[in-house]
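Novice: Sharing the feature lines straight out of Swiss-Prot:
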ACT_SITE  His44  active site
BINDING   Tyr47, Lys86, Asn518, Gly555  ATP binding site
BINDING   Glu88, Asn556  Mg(2+) 1 binding site
BINDING   Ser89, His90, Asn91, His92, Arg111, Glu309, Ser310, Gln311, Ser558  substrate binding site
ACT_SITE  His90  active site, proton acceptor
BINDING   Asp112, Asp265  Mg(2+) 2 binding site
REGION    455-474  region 'Disordered'
Amino acid sequence: MSEMQQPWSLVGLTEAEYRRVVEILGREPNPTELHMFGVMWSEHCAYKHSKAALRRLPTRGEHVLQGPGENAGVVRIDDDLAVAFKLESHNHPSFVDPFNGAATGVGGILRDVFTMGARPVATLNSLRFGPLDEPKQRELLRGVVAGIGHYGNTVGVPCIGGEVYFDESYRGNCLVNAMCIGILRPDRIHRGIAAGPGNAIMVVGNPTGRDGIHAASLLASAEFSGSEAEAALPTVPVGDPFAEKMLMEACLELFETDAVVGIQDMGAAGLISSSSEMAARGGVGVELDVRKVPAREEGMEPWEFLLSESQERMLVCVKKGREAEVEAICRKWGVGCAVIGRVTDDGMVRVLDDGRVVAEVPARALAEAPVYHPAKAEPAYLAELRAFDWSRLPEPEDWNETLLRLLGSPNIGARAWIYEQFDHMVQAGTVLGPGGDAGVIRLGAAVAPGAHGLTRQPPGEGLPGRSGQAGPPKGIAASVDCNGRYVYLNPRRGTAIAVAEAARNCVVTGARPVAITNNCNFGNPEKPEIFWTFDEAITGMAEACEALGTPVTGGNVSFYNETSGEAIHPTPTIGMIAVHENLDRLTTPGFKQVGDVILLLGETRDELGGSEYARLIHGVLAGDAPALDLAFEKRLQDVVLRAIHEGLVTAAHDVAEGGLAVALAEMAIAAAEPSLGCQVSIFLGEGRVDGQLFGESQSRILVTATREQVGRLQALLMVEQIPFRVLGDVTADGRFRLAALAPGSGSAHVYRRQELIDLPVADLVRAHKEAIPRWMDA
């Protein structure tokens, strides 16, 4: 019998891991126990290849109430409010079944947040697909977007932002990362723990079926060979968002009692994962009878009950004698529930089948899988790509056409085709929705602290401050960011850039970054080059989080994003949370009024590595990721926040994909009036013109200021030693004009002016708007 036919390999274990199981138990595991170890020691559940590296991330900070290890991280906003948030992937299921994979990804991240005792108030998403000119990729995009919209809209949680990229590296593995934000009281955090021998273990939510069995161990913990997608269709669960809504309301009401000891979402690996993790955290055991689990299918085996990933289910540890209260609340909301077991004091997960013991395993053994330290090797491609000679690339003859092509790229253009399928105004708390630098919600618009938890509050009402009096309206800004091309070219720096840009996107709205969650999407960690990339990315993430003061509160690692041996670009997505102390100072990117002065903060270098311009116009992905000075990044962000809150800035926008010319165009596109345009000039040195226009140098922010305030702004920038240039003015003619100034012959103070771009803003709007619809609506 070959190893692939051995029982352990059929559940995803290696022979060495199987031998360790035998050593732990002191005997051969029976089939049910083997299934239990198979899922709990899978990469998806155990993080066995990533755990050692993740320990290097900074996880402590003045705002952090709950760091990694729980269903979601929690940060304090003030004495009355905290935010729970989490970012997680549903990549493999979404490639197999785009609609259901994406929908259940939203459902899972919502449960992760409301399990903590928080009411979900916003979601974001980070999506990756192959090129849109391929029918398969358009099919994936349609299915994923429809699934996200169906689930989120039905539950009634607004989608306030996100990002999407299209690149050849995601052709065989799309990425679907979902983020959720919830509001709770700082003293009302609920955790996934079982405690108190004799306390009841209850399952709350939908009945259990066979859907999703082994999805964690065999779908999300292995790479595709190209044929698995069709064969694995039955492993993707189907979600019910209305049931999720009822489950959420029931759980939030349960939290207003003191009957709940602990609660855990039954997500990946289902009942066995939630029960063993709760027991291990509490240092106790649990005894479960699978025949007491409400089932929707006949003849289910014990291991099927344990591994089912049927959606919309929770496992709850309830104080002994309080079961009837839980049942009454569940009945009120039309949610099923049943007592299926009890907490024990022996540290064992004991599984019964109608009273007969069918499995008995130490809870800690299931929860503490082997930790590996894979071999590392720097990829050979890096040296070749970094040696690329940029002088080989000709500069465009038509700068107007080049700008329009970039604005029409699906990686830069408007995402309205996507986010218009999502409800971003439900709950009446959205201040800035999708399409800007970051999403922003108003605290107090939908929920506020009550005597026992969270209660409804009319839109627009302020929240009490520390003094108990109404203060300035507060908000939460959030963004998700990662440029996989940067990480491909320089994993350490590219990941640091992802953290910096996620923070910068919040800062330009006026919000101060406080913490991150992450979703690390990589290929097969057993390949030394892939693991080297992952390890470098974690180093870059740690360095950036330390420099910017944004600790990591949790996240997710998704390995094995490969098909036929071809891995995705490494994509460590960052979800950033920032606090807006005064929404009256909220800043948006669009030009506001004629005569405002346009300034560029930060320095532009001759950098084209990883840029959208190089890839789209020249078909080149080469060079190095843009340079990043984290100390300067922190200073820049602090100064911009100060300028915004002192009322010195009328608009602010991060310079990112597409570079300076695209960022300026985006400010014109988002202008308060369609008649607004701009007249700007850039100074040329010895570098390339395209590098000045479309290079993606980091730590740059565009701002506008009134003529009355621009002097104060310039003085602040000079005192804080922030380099800046006055580029020009907002105009009233509805045109976008960009000229280059080059040193003339003779005097150093004489400049030769060359008009590079002169276009109606309406043309920019049209190109930007049609970037995705021209493919999807063709």
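Don't overthink the numbers, they just go from 1 along the chain as shown.
The backbone N, Cα and C atoms fix where each Cβ goes, and this holds for glycine too.
Context for these features, please: burial, neighbours, distances.
Specialist: A sphere of 10 angstroms centred on the C-beta of His44 (active site) encloses 25 other C-beta atoms. According to DSSP, His44 (active site) sits within a helical segment.
In the three-state DSSP scheme, Lys86 (ATP binding site) is classed as strand. Close to Lys86 (ATP binding site) in the fold, though at least 6 residues off in sequence, lie Asn71, Ala72, Gly73, Ile109, Asp112, Val113, Met179, Cys180, Thr517, Gly554, Gly555, Asn556, Gly575, each with a CB less than 8 Å from its CB.
Around the Cβ of Glu88 (Mg(2+) 1 binding site), the number of neighbouring Cβ atoms within 10 Å comes to 25.
Cβ neighbour count for Arg111 (substrate binding site): 29 (other Cβ atoms within 10 Å of its Cβ, all protein chains included). Secondary structure at Arg111 (substrate binding site), taken from DSSP and collapsed to helix, strand or coil, is helix.
Within its own chain, His90 (active site, proton acceptor) has Gly101, Ala102, Thr104, Gly105, Gly108, Val176, Asn177, Ala178 as residues 6 or more apart in sequence whose C-beta sits under 8 angstroms from its own.
Neighbour count (other Cβ atoms within 10 Å of the Cβ, all protein chains): 29 for Asp112 (Mg(2+) 2 binding site).
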Novice: Check the binding-site residues Asn518, Asn556 for other C-beta atoms within 10 angstroms of each C-beta and report the one with the most.
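Specialist: Of Asn518, Asn556, the one with the most crowded Cβ is Asn518.
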Novice: For Ser310 (substrate binding site), what is the secondary structure state per DSSP, taken as helix, strand or coil?
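Specialist: Reduced to three states, the DSSP call for Ser310 (substrate binding site) is coil.
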Novice: Greatest CA-CA distance (Å) over the residues Tyr47, Lys86, Asn518, Gly555 that the record ties to ATP?
Specialist: 17
Novice: Looking at the recorded positions listed here (His44, Glu88, Ser89, Arg111), whose Cα lies nearest to that of Asn518 (ATP binding site)?
Specialist: Glu88
Novice: On a C-alpha basis, identify the one among His44, Tyr47, Glu88, Asp265 that is nearest to Arg111 (substrate binding site); the candidates are the recorded positions.
Specialist: Asp265
Novice: Just the number: how many Å between the Cα atoms of Ser310 (substrate binding site) and Asp265 (Mg(2+) 2 binding site)?
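Specialist: Distance (Cα to Cα, whole Å): 11 Å.
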Novice: Show, in sequence order, which residues other than Tyr47, Lys86, Asn518, Gly555 on the same chain lie with their Cβ within 8 Å of the centre of the Cβ atoms of the ATP site.
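Specialist: Neighbours found: Pro68, Leu87, Glu88, Thr517, Asn519, Cys520, Val552, Gly554, Asn556, Val557.
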